[in-house]
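Asker: As annotated by TrEMBL, domain 'GGDEF' applies to 253-383. According to TrEMBL, the feature transmembrane segment maps to 6-29, 41-61, 97-115, 121-141, 153-171, 191-211.
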């Protein structure tokens, strides 16, 4: 038995819930709209703060508010947090199961509120439902990709909270029926209430860290990508190229570079206008991305020039990829843009070719050879050509 008034934990939960709700709504108003889940998490915290406030007035207000409504608000709050995580990670919300769980819990809580007041059964219902919801929250993060420290921190905090609510469920099974809310001084009850109070802040902090990490990744992406095509910007591509060349030389692995230029693009702009020209560039970028592998890297080198890095790729495979790109570009699949073709130059990393610029120059020279040979072709830079460069 601990000399701590359980209502103190309830009041702390209410205060923390209000604070967390305010912070989440403030962040929602300032963050990009494609980073989702902030407002829903804020609503969840508001629900739990309201529930804690109602529970703290137990005895002063009707039990329909201090017991029944407060418990439903707690379930709604954690359910909102679960939906927030699904929204944030891009998972379609599973509203049917959550709604079914809510109504089943509501029926049980209505029975122990209006028909037969039973504190033990109320604890069983609430701890059981919360164990399911906290576990579901942890599972959403477990299934997500590209996890960092914020995700793991929040994931394990959800697991720990679910573990404590489950322990509360197990102890309630063997609890004496005579125990009431005001007379339950068990250690697990204090741990349960304390965990709920402080996990509200801890989980919210973890989610904010997850959101900040997502924002940082988004800003890094925007800083390194061409806004029209999604390809790497020239400076970002050069950094990636330097890194891959160093890795290839260190590991004695092959590496290929493709330089490509849309044929007669100036004529397309002059005849159809720059808007149509932009559509052609986007269309080619989409086709190009579709033909590349996961580890390949595409950059926009100039207006209608693109450059592609093919790590761990020798001449035969690089030539096959280049031909696929050339063939895909020549396929006229959209009636709202004119037909177009592309000329491609291919250069391979070899001992005489030391450094990124020499490799680019060799691929660029091969590309102009493709132009001179009639366009819509793939040319490979010879070793002799690369030695001269």
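Count begins at 1; order follows the chain as displayed.
Positions of Cβ are set from backbone N, Cα and C atoms, glycine also.
Help me picture these features in the structure, burial and contacts included.
Answerer: Within the same chain, residues 38-39, 41-43, 45-46, 48-50, 52-53, 55-56, 58, 77, 181, 184, 189-190, 193-194, 196-198, 200-201, 204, 208, 211 sit at least 6 positions outside the transmembrane segment (6-29) and bring their C-beta atoms closer than 8 Å to a C-beta of that stretch.
Taking Cβ pairs closer than 8 Å, the transmembrane segment (41-61) reaches residues 7, 10-11, 13-18, 20-25, 28, 67, 69-74, 76-81, 84, 181, 200, 204, 207 in its own chain, all 6 or more past its ends.
Below 8 angstroms of C-beta separation, residues 63-64, 67-68, 71-72, 75-76, 79, 82-83, 121-122, 125-126, 129, 132-133 of the same chain, each at least six residues beyond the ends of the transmembrane segment (97-115), sit close to that stretch.
The list of residues near the transmembrane segment (153-171) in space but at least 6 beyond its ends in sequence, with Cβ under 8 angstroms from a Cβ of it, reads 123-124, 127-128, 130-131, 134-135, 137-138, 141-142, 147, 186, 188-189, 191-192, 195-196, 199, 202-203, 206-207, 209-210.
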Asker: Kindly report the helix/strand/coil residue split of the domain 'GGDEF' (253-383) according to DSSP, in that order.
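Answerer: Residue counts in helix, strand and coil order: 60 helix, 29 strand, 42 coil.
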